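**Q** Take this structure, written in structure tokens, and hold onto it; I'll ask about it next.
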Amino acid sequence: MEQQKHQHPTERYSQKGEFTMNGNGHYNGLRVPSEENLHKAAENGTAAHLPAEDGDKQALAKLHCMGRLSYHVSVAIGRFFYRLGHWIANNAWKTIGLCWLLVALCSVGFVRFHKEKSPMKLWIPQGSKFLQDTNWLIEHFKEGNRIETVMITAPDVLVPEVLQTLASITEQVEGFKFDNSEGQRLGWTDVCHKVPLIAEYTADGARRKRNAEELELEDASKAPVTTRRPKKSKPLFTPVIDVPSFLFCPMVERLAVGCYGSSLLELWKYNRTTIAGLSKEEIVDKLNRTTISPMTGHTVQFAELLGDVQRDWSGRIVSAGSLVTHWFVHVNFSEVDSDVSGNAAGTEDWVTENAVLWEEKFLKIVAKAKRELSTNETSVYYSAGRSYGDISEESMFKDMDKLVYGGIIMFVYMQLVLSKFSWTEFRVILGSVGLMSVGMGFISGCGLVAAIGVSYGPVHTSLPFLLMGLGVDDMFVMMACYRKVRKVNPDLPLAERMGLMLQHAGASITVTSLTDIVAFVVGSVTVIPSLQSFCIYAAAGVFMMFFFVITFFVAIFTLDEIRIASRRNSFLLWVVHDEKSTALWCEYNLMHRFIKVLYSKFLLTPIGKTAIILSVVLMTTANVHNLLKLRQKFDPNWFIPEETYLNQFVVKTHEHYPNAGYEALLLFGNLNYTAELPNLIRVTRELENRTDILHSVSSWVTPFQDFVYTHYDKDIAVDTLSDSNFRKYLTKFLFSYEGGRYQMNIKFADKLKCGQPAPNITVSTMDFKFKPFKEREEYLPAKYAVEDMLERSQINSGDQFRTLWSKIFGNWVTDEIIDTEIYRNIALALVGVMFCSVVLIVNLQICFWIFVCVLLTLVNVGGLMQVWGLTLDLVSCIALQLAVGLCVDYAAHIGHTFLTINKGDRNRRSLETVLHIGAAVFYGGGSTILSLSILSGSQAYTYRTFFKIFLLVISYGLFHGTILLPVILSLIGPAPYSGSLNSLHDTINNNPTPSKQLCSANTEMISFIGDQQNKKKPSEL
């Protein structure tokens, strides 16, 4: 008896026509020839004359190399999993302890865990030019600003009531205080971007109109660079020119610095008393006459702050439908720490702690003002530098509770599938531990990957859900196999039953798990960091979950079977029931009956097969047409839910400022600016002439050219300046009212000082705005056009650094490559999955049909994505990468099981395949759809997209894997594994359920395969 206990059951056990391998080398009544006899028969051509003890014996003798490999692989996999299952069943508690020890060891890796928050390290390809340029900008420019905006709309905003509303908001915004982490009490003047206030010396210029000669310059930008520009009339008094430096510079050094902003209230120096006494005519007159800010002394285009502008016959502004006010918060790039100021979604820009704290208070103040000051005609809208990061993060994570609800739904669903209705047959413990196995796999996988230094990203929050879907599917397959084993071999000891269960289920879930792992490993070659990290974490998570499912879950499964045999209550383990109270309340085999009728009466009939194949051809043809129209497009505003204040602001901005485009700049490095002035002027002219793609241009070069020509009678486009004169004129220009605003566009090697020649320029910028493009076919050619113009600029002195940069390029650079990345990653994943399938399944025909099913699924999913209004973007890229791993599972289960069924013709084998494994596959796909369905109403773009794509993937994956593939295999399927040790087939429905009996002790409710309960005492297990 002891010897029999450790004997492989296939070496001693045969029952109900099941597989047998006895000491004489017979398998299912088939005598398997030795390798020596096989070679001899093949060499002598005597295969047809082998002893006719069994017809299959001759077939085995004819096996080619692939057939023999198939035999050895299937035998090796089966024996390994049988021994594993047998050992675990005999050492359940030891297995549980070892699994928890492994989790603890893997968790040590969390000491190196890092959650990446920097958008540059999450969404931008690490080798991209944009990233290199951004790093250069941060290193050399060293500072920047963030814009905070309030918009007021009304039938006419150029009235005293609206200006008083704006004054009230401004007073509140610039008057509040906040505390930082160091306990400092700070206010607006501590965080604002500061500029020198030179209005004291340019106050008269505030009333200065453009003279006739200036008006003639409107088209001067179109003149060739070698043509002299019309000369502006010299102002009557220019302090920086007319006052000697020894008198002017001490006054400048005593000038106060003030916060930089853009507001219509500058016209009245923010004086609320003055504003309260204004009339409509005074407001309009002041607006049309003023080009220099009375507050700062710098040139300002106040008309740019207005929207829906109405002008009279002479061009004067008479009314407007909206106005905006901007506050500029200073950002020192050297103080930026994304781990402190970044958000979990990785969508926060570069910002210091003080700036982000001020913005937090700003949003609260303006939100309150909006509620208090808005009327039926006047509305307030607002946006802060942190708004997009805050709202995109909130939208990405606010529906996490729905994922929890989805997990609860999946748990209930698991109970319905795994359990039977009696006090002892509810699988509460098994279902709970099944989900625990997923959690253990997730924790262990994350610990392993964190240990090697891979950062964790925001998209990884969907990983537990993915693992849950894959793991639950494996558990359903194992339960299906166990019930089959128990039905066919009810008298086997529990350890051998667990061994046989894992022997068959282990091979199937190994195929699906390893193909998933390969798909993710291949996906990790992407250049997008967040997707690369996600794929690495997913591959590790799937592997560890697979390990715990075949070990930890099997151990708990064993203990749960012992509990059932002991008649212990499923909820209260100390309660032991008598035999009568453990009887099943209802066990109606709905799924088995449904599948049998559906396939035998419809799908696997000649008419059904024809209909299925024709429907696939027609459906795929239509979706190929749709797939060709699938566009690449991504709009960051998709991450902003409609009901948020930021979305309202964006909508109103597009409505009132339709020409407001994307800010950009040309960056120049440490050049010989004296020699490069003609080239810089040429670049400026070309920018100004590209009105087809650019909205506006603001370059320091053109006003500097006018300044020098006006005051020194030298046109720098034609006349060559000496280096000393260039430095002298540049200092004068930057301390004038015309040029003071451009100090922020130029960085020097040393501090710029009044009255002294300008130091070497290390960085300079030209600002401009692109038009508000909507499609990639519009903005990428525009970007390329400016880059080409810059490349042809002949700027080759100094470090020769010149580049085009814009914040929006962070999105555009991904748009440039995302479709290529998607198609390449999917193609590589398909190749990797098929290679893995060939190695494990060792049947080229089955692997080919699995490949076809996966390919058809992806084609149809892509086609319906276009119909559903989805596009190719970063979110869909991640979802489609997951799709390869999901949809291959369904076809792989069916294909592998078909090879293990060795009774009957192809039609019979296809039918028994779906009867054996089909329900488990359907349940696995159904569980994922069910748990995902709760996301269908999500306001988050990420979750809505995931739901739509996963719904399509699972639906089409199930259709092609469980309907199309059995039809194909019933027509041209390959022969089964030769001598397969994995076969678990039995006669189909030997004991049909009585049609007139709704529930009986001999039928199942929703379990996979009908089996008869065989209650045993624990000692008999």
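Placement of Cβ uses the backbone N, Cα and C atoms for every residue, glycine included.
Annotations for this protein, taken from TrEMBL, read as follows:
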type: REGION; residues: 212-231; note: region 'Disordered'
type: TRANSMEM; residues: 95-113; note: transmembrane segment
type: TRANSMEM; residues: 403-423; note: transmembrane segment
type: TRANSMEM; residues: 429-453; note: transmembrane segment
type: TRANSMEM; residues: 465-485; note: transmembrane segment
type: TRANSMEM; residues: 505-527; note: transmembrane segment
type: TRANSMEM; residues: 534-559; note: transmembrane segment
type: TRANSMEM; residues: 602-624; note: transmembrane segment
type: TRANSMEM; residues: 826-859; note: transmembrane segment
type: TRANSMEM; residues: 865-892; note: transmembrane segment
type: TRANSMEM; residues: 913-937; note: transmembrane segment
type: TRANSMEM; residues: 949-972; note: transmembrane segment
**Q** How about the transmembrane segment (534-559) and the transmembrane segment (505-527): at least 3 CB pairs under 8 Å, pairs 6 or more apart in sequence, or not?
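**A** In this chain the transmembrane segment (534-559) contacts the transmembrane segment (505-527) - 3 or more Cβ pairs sit under 8 Å.
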**Q** How about long-range neighbours of the transmembrane segment (465-485): same chain, 6 or more residues beyond its ends, C-beta under 8 Å?
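**A** For the transmembrane segment (465-485), the list is 403, 406-407, 410, 414, 417-418, 434-435, 437-438, 441-442, 492, 497-498, 500-502, 504-505, 508-509, 512-513, 516, 538, 541-542, 545-546, 549, 553-554, 557, 882, 885-886, 889, 893, 916-917, 919-921, 923-925, 927-928, 931, 984, 986, 1007-1009, 1011.
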**Q** Before we move on, state whether the transmembrane segment (949-972) and the transmembrane segment (95-113) share at least 3 Cβ pairs under 8 Å, counting only pairs 6 or more apart in sequence.
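**A** By the criterion, they do not touch.
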**Q** Which one of these stretches, 95-113, 429-453, 505-527, 602-624, 826-859, has the most C-beta pairs shorter than 8 Å to the transmembrane segment (865-892)?
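**A** Ranked by Cβ pairs under 8 Å, first place goes to 826-859.
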**Q** With Cβ distances under 8 Å as the criterion, find the stretch in 95-113, 429-453, 505-527, 826-859 that has the most pairs with the transmembrane segment (602-624).
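**A** Out of the listed stretches, 826-859 contacts the transmembrane segment (602-624) most.
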**Q** Can you tell me which of 95-113, 505-527, 826-859 gets the most C-beta pairs within less than 8 Å of the transmembrane segment (429-453)?
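**A** Of the candidates 95-113, 505-527, 826-859, 95-113 scores highest.
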**Q** Who are the chain neighbours of the transmembrane segment (505-527) in space, where the CB to CB distance is under 8 Å and they lie at least 6 residues beyond its ends?
**A** 74, 77-78, 80-81, 84-85, 125-128, 470, 473-474, 477-478, 480-482, 535-536, 538-539, 542-543, 545-546, 549-550, 817, 821, 825, 828-829, 831-833, 835-837, 840-841, 881, 884-885, 888-889, 892-893, 896-897, 900, 917, 982
